[in-house]
Amino acid sequence: MLVAACGKQSMPSFVEPVMENVTAIKGQDVEFKCQIFKLGKHMVAFARADTPPRLIAFNEKVFRQRHKYEIRQTMKDNEWILVVKNVEENDIGGYSCQLNTDPVLSKTGYLRIRVPPYVARTTAAVVEVREGQNVTLTCRAFGDPPPTVVWRRQDRQIIRFNGVTGYGATVFNGSDLTIIKVSRKHMSEYICVASNGVPPDESWTVKLHVTFEPTVVPQAEIVQVALGSQISLVCNAEAWPRPLMKWGKDGQEIFNSSTFSFSNEVSGKYRSTHILTIKSVSKNEFGTYRCIAINDNGEHFADIVVKEGSLTYNKFAAMFIEGSGYPDHDSDDDDDDDDDNDSDDDDNNGNTIDNNDYNNNHSIISSYKLENSSDSMRKSAETFQIEPYSGRFLSTHSSQYRKGVHVDNDNDYTDCNSDNNHDILFMFLIACCTLLVIGLFYVLLNARK
């Protein structure tokens, strides 16, 4: 507080408006104006209205934080201005203009800062949860005014709130995003965006990792291959963390050598393809091969039997295409709503048929589990004879290669030429029906005449 000066002086007064409240954006400069009527020989002071008050300036002299505060004066209007520079959160509060009268006259204005939103860095950037459990992603955002928070997936897929088939939305409003019965399909980057009308908005990314034990599916369970050929055995795996893949034959682990080589290919967030290549098949390479996927949550294996014989291919398994020799996989990034649009084809029994490639020196052989098919499908299955080291396959439907055979479930063989006989009979019946209709039309026309 200021001590009143001695001597008789007329009493000054404030001219309204004085020391008005100020709202500013962080980083701006603000002014508090204090206009005085009949100041005379009285003095003016500015102070922080704390407990106790902290003197900032007396008349034109600044006592503290000269980089922060400045005093301006217009003698004509007897107006004193306190400038607070580059305002921050710790500048929020009251500022007083005081006159050394008796008693002291004082007016107080308050500074409010509109703070852009910011996300506390204590918010987890990576969250790991076991498949089937519940998980909550939290985004702690602050600012003035208090910000609103919106969640979305980085891949813009629907956020499923209850399992993979539960209700969902592309955005979620709120600081805490809870997912019930989390699935591997939920694995993604989730972005929370905080906004309060004060630019700029702030975003924070949380990576959700869903851990689960591996599952392995062979591209083919039985492979027939000619001696001297190069063949690749393929196992498709789903796992998180990504699995360690081991290969074995007849109970013995296989390592890189002049006979065997390994390769891996990652597709999506948790799917991977693992390939064992036998560079030149000899009789020693026939037998049962096992691919084993291992991670912290468990392990899983699948067996592939390699037999001697001509390279065979079932039309229901996939199609050979000249190219990379690697199988196509659906992306595990897609939302469940897009599952029906996957690039793989489905047969009538709901079995997924992968699209595989075949190139000149590299065959990936797929087989289809006909035991899961209907009798009619089994009886209509075709076997294509593939020429080793060639990008062609010989189809029973090819007019160029009519020596193929149909295979039924009883291993009986029927010459493909019977198809031609059926086609001729069918065309003959159509022709007869057409002539009959024309004849009836002619009879009816004559009857009217």
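From the backbone N, Cα and C atoms, a Cβ is placed for every residue, glycine too.
Per TrEMBL, these features apply:
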| type | residues | note |
| --- | --- | --- |
| COMPBIAS | 330-348 | compositional bias 'Acidic residues' |
| COMPBIAS | 349-360 | compositional bias 'Low complexity' |
| DOMAIN | 12-100 | domain 'Ig-like' |
| DOMAIN | 117-211 | domain 'Ig-like' |
| DOMAIN | 214-312 | domain 'Ig-like' |
| REGION | 326-360 | region 'Disordered' |
| TRANSMEM | 424-445 | transmembrane segment |
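Across the domain 'Ig-like' (214-312), the prediction's mean pLDDT works out to 95.
Secondary structure by DSSP for the domain 'Ig-like' (12-100): 3 helix, 45 strand, 41 coil. Helix, strand and coil content of the domain 'Ig-like' (214-312), in residues and according to DSSP, is 3 helix, 64 strand, 32 coil.
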